[in-house]
Every structure is written in C-alpha cells, then in structure tokens.
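A short worksheet on the structure shown next.
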Amino acid sequence: MEQRKNDIESYDDQQKWVLDSSLDSRGEIPVRARTGAWRAALFIIAIEFSERLSYFGISTSLVVYLTTILHQDLKMAVRNANYWSGVTTLMPLLGGFVADAYIGRYATVLLATIIYLMGLILLTLSWFIPGLKPCHEEVCVEPRKAHEIAFFIAIYLISIGTGGHKPSLESFGADQFEDDHPEERKMKMSYFNWWSAGLCAGVLTAVTIVVYIEDHIGWGVAGIILTVVMATSLLVFLIGKPFYRYRAPSGSPLTPMLQVFVAAVAKRHLSRPNDSSLLHELSREEYSKGRLLSRTEKLKFLDKASIIENRGSDNAMAEKESPWKLATVTKVEELKLLINMIPIWFFTLAFGICATQSTTFFIKQAIIMDRHIGHSFIVPPSSMFALVALSMIISVTVYEKILVPLSRRLTGKERGISILQRIGTGMVFSLLAMIIAALVERKRLDYTKQHHVPMNAIWLAPQFIVIGIADAFTLVGLQEYFYDQVPDSMRSLGIGLYLSVVGAASFVNNLLMTVTDRLAEEISGKTLFGKDLNSSRLDRFYWTLAALTASNICFFVFVARRYTYKSVQSSVVVADGGDDVEAPSAPNTSKYT
C-alpha cells in the first residue's frame, strides 16, 4: 500500500483518479473522466423519477381508494393512509442500515426494486384475477375481503421496497461526487436540488396522467402502467452500472458508537485534557474509511474515550488494541454528530405533520369541492397535488439559479445560506400554509352552508402552492443535512433519518387527531372529525397545527443557532480520506456486487 501511495505524486494524478475509497464496476479505483459525477447521477435521478411516479400514483389516491373502493369512513381512511405513510417512511431506517453495514447501496437498490415490483404486480392482479376483484357486480356496496387483503399486502410490499430503494438510491447518487474535489463538491450541492426536481417531475406526472387514468379509465390499467414504468427503471439502473462509483459496506456503523460510549464511561474519573496530543487518533496513513474529524468543544464528556492512559507503557499499547477501551477522536466526533442530530430531528416533526396534510386532508377537501373546468372536464382530486410538485420544481430552480449565487455573494460562503437556515425557512412557509388552509376551510364551510353547493376547488391552490415552497426549502434541506452531517459510513442511514421525519410525523399526526378530537368533544360536546368534512371542523385542526408549528419554530431556531457542523480535517491531496488512498498502479481486483 505504501508503494501505491507514493505513486500519487502529481496534481494530474489526483485529477485523473477518484481517491475517496470508491471502486468502479470492476472493483478498481475509478477513473474520474469515465465514472461518477453527472454522467452517473443523471441515471440515478431518472430512476428516482420512475419510482416517485409509481409511489405518488398510489399515495395521493390512497384516501380516495380507501373511501370509494374499500368504503371506509373519513377518519379511518386518513388514519390508514397515515399508518401506511408512516411505515413507508420509517422503513428506510432499516434499509439504510442494511445498505451501509452489509450489502452495499447498489445491491440494496436492486433487491428493493424487485420487492417493489412484486407489490405493484399484486396490486395490478387484484383488479384482473376474478377471485381478487373488488366486487362481483358493477355497483359495489362492500368490497371482497380477498381484495382488501391483497390490496394491503401489495401496498405494504411497496413500503418494504421503498424502505430499501429511497435511502440507498439517493445516497448512492450523492456518492458519485467526491467530497474533497472542489468541482465535484459544488456539483454535489446542486445534486440534491436537481434530485428533488426530478422527484417532483415524477410526482407531477403521477398526479396528472396516472391519477386521471385511475379516475377515468380504471385502477387496473393504472397498475399496469406503474408496473411497466418500475420495470423499465430497473433496466435503466442496470444499464448505468459501468458509470457508477461504488462504496463497499463497512459493517455495523452503530458498534463504534457504542464502543465510544463504553470507553467514556470507563474513563469517567479522568480529567479531559486540553492538549490534543494526549488524545488517541490514527494518522491519515492508518485511517482507511471515511475522513478524519477535528475535535469540537461540545459533549466534552465523550472526549474521555480517546484519552491515552499511561503513555509509552506496554499497557497503553495493549489498550489500543481494544476499541472498547480506547476510541479515536474521529469516532468520538462521529458519536457527537449523531447526538447533536437528535434535537434537529425532533424539532422538524412539526413540519412533517404539516407536510402530511397535503396527501390526506388537502386531497379530501378537493374531493367534495367543485373541480369542473368548463362544462365537461372534472379535475381528479389527487391531481390537485400537482400544484405542490410544480411549486417545488419552480422553487428549487429559483433557489439553485438565483438565491444561491446571490447569497454566496452576500455571505461569502460556498453554500450561500447554511443548511439549517434553509430548513428553518421552509418551516415558516409550512406555518403560512396551515394558516391559509384554516382560513379557506372556514370559508368553505360557510359557503356550503349558505349556498348549498360546493365551493370551487381553486380556493385550495394557495395552500398547495405554499406547502410546495415549504417542501423545496425544508425537505431538500433535510436530505442534504442528514446525508452531509452523519458519519461517512452511515450515509444511507442518514437518508433514512431524513425520511423518518415524515414517517414519525404521520404517526404523531394520528395521535394528534385523536387527542384534539377528544378535547374538542369534552369542551364543546362536538367532535372535530365527523363522518364527512361538512360535519367536521377541519379548520380548527389546521389552527392547532399552525400554533404547534409556530412554537416549534422558536425551539428550532434556539437549537440551530447553537449547532456545530461537522468539522473535517483538511487533506493535502484531493481525496475523501486524506492520504489514506491507493494509487492506480496496483488496482484492487476484487469485485463489488
């Protein structure tokens, strides 16, 4: 290895080879000009377009399906939709862990896509196999139990598939850019914006074309289309294999975190030294995974895990052999990163609760409103979500092309505004969306009562548009935050943490619905959620969410102002792990699958 390191002497060598522990499809050090960057990322963004097309073709119509096909009442349908959304967005925690620790991101995406396809195939067959069809007759009073069972098995197979697909694919795409290469680092900052734009394009197609087919042609035909699209995306993913850069799995990323904690507790009686030389750290030559981190002043107790006792003695050398007794500064800082993320994760839950309304109650409002365009065409209720996707695409483009260059000039920072500032900005827009939604729902109730006809659905446009702007800031910011700030060995799990915000928020939303409903009944004798929206007081629920979001923003700002970002030690070569790279003179011949 030393000979191979010595072969990397010139800047030209560093520009030619990708020196961040990545491998190409043959298991060798990647050539920069032939692998990674946008040539690989565009394949991955195209696949995300297909997956989001399939996912939102189901999720935005789920409440409609549950109420019209399975004949569930409003409260039950919304709760089932939230349960499914919660499971779907919490599963990436497991999928991300498996990808980082055991089978790698590429293999996880392949396996997850196959499971996803199984769910879509079952969902489609439930409309064509006679024994699984919803009903015998044309008019269905109560669906068949077999259809209901097949439907829920299918959508939860899709949940499992999404759990592996989402965190692995997004982090795999970000892996195509080398962190310590100046040009590719800037590309990576743009990657999350264009990833979200591709995602929204898939959503937009789903809630216009696919939803229209579901409404006017049939759910079975829509299922065929979604299955074909997903199968095509798998083919595209395989075609791009020669262009990708791969990261080998590094074992459980949680074990080193536990080792740090155990070592710190064992040395709790020691005083934390100010001299960094008294703390254990590997040299760049010894460190082979990820990047070395600088010591920070937060959570000082954990620094005790890296104190070297009895320097120079035989006991000290023996101690170094056990990571349960002595941790490196980098491992200590990685644990600090995870602990510092806990309050950020918690105080973004309120945003997640607001975001879930756009695919549940917002859609349900659209169902009972006038959606006519002209005399004959009726907009499908789920197509209202297109406003969120359009708003997000426009907002991301404006942010990338106008706000980032402008803020870079004003602040002098490479990123423009910080990640947490971007997240906080989106929270303010989510607060505004809830206020607008409350006012519109109050007006809808009054209009319906006075005129005995439904109000035009165009009144819902502002709340859909504003929540789309909120998503462009906060959701994209959360993607970047959880990918960038986790330890390098946990990046798929980091994307899983981002998705878990929405997943946990779906469950909290159900709990909040139950609590507010009972409180309202005790105070006024009337529930917030009746059998339909006209007998409900959804506006009061929106005001509750607005108050919750406003107070949550205050706590988020308090935490964000005190947050310490990841501090990576500078490297003398352009490589992800400093000097700990291998030169191309003796390429690794092992295969990465």
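Yeah, the Cβs are placed from backbone N, Cα and C, and that goes for glycine too.
Predicted, not measured: the structure shown is a model, and the values here were computed from it.
What TrEMBL records for 83-102, 109-129, 190-213, 219-240, 337-358, 378-399, 419-440, 460-483, 495-512, 541-560 is transmembrane segment.
Ranked by number of Cβ pairs under 8 Å to the transmembrane segment (337-358), the listed stretches 109-129, 378-399, 419-440, 460-483, 541-560 are led by 541-560. Within the chain, the transmembrane segment (109-129) has long-range Cβ neighbours (under 8 A, six or more residues past its boundaries) at 51, 54, 58, 95, 103, 147, 150-151, 153-158, 160-165, 168-169, 172, 218-220, 223-224, 226-227, 230-231, 233-234, 237. Long-range contacts of the transmembrane segment (541-560) within the same chain, counting only residues at least 6 positions beyond its ends with a Cβ under 8 Å from a Cβ of the stretch, are 343-344, 347-351, 353-354, 357, 361, 420-421, 423-424, 427-428, 430-431, 434-435, 437-438, 441, 512-513, 516, 528-529. Each of 83-102, 219-240, 460-483, 495-512 was scored by its Cβ pairs under 8 Å to the transmembrane segment (419-440), and the highest score goes to 460-483.
Comparison of 83-102, 190-213, 219-240, 378-399, 460-483 by number of C-beta pairs under 8 angstroms to the transmembrane segment (495-512) places 83-102 first. Residues 41, 45-46, 48-57, 60-61, 170, 173-174, 177, 221-222, 225-226, 380, 382-386, 388-390, 392-393, 396-397, 399-400, 472, 475-476, 479-480, 483 of the same chain lie 6 or more positions beyond the ends of the transmembrane segment (190-213) yet place their CB under 8 Å from a CB of it.
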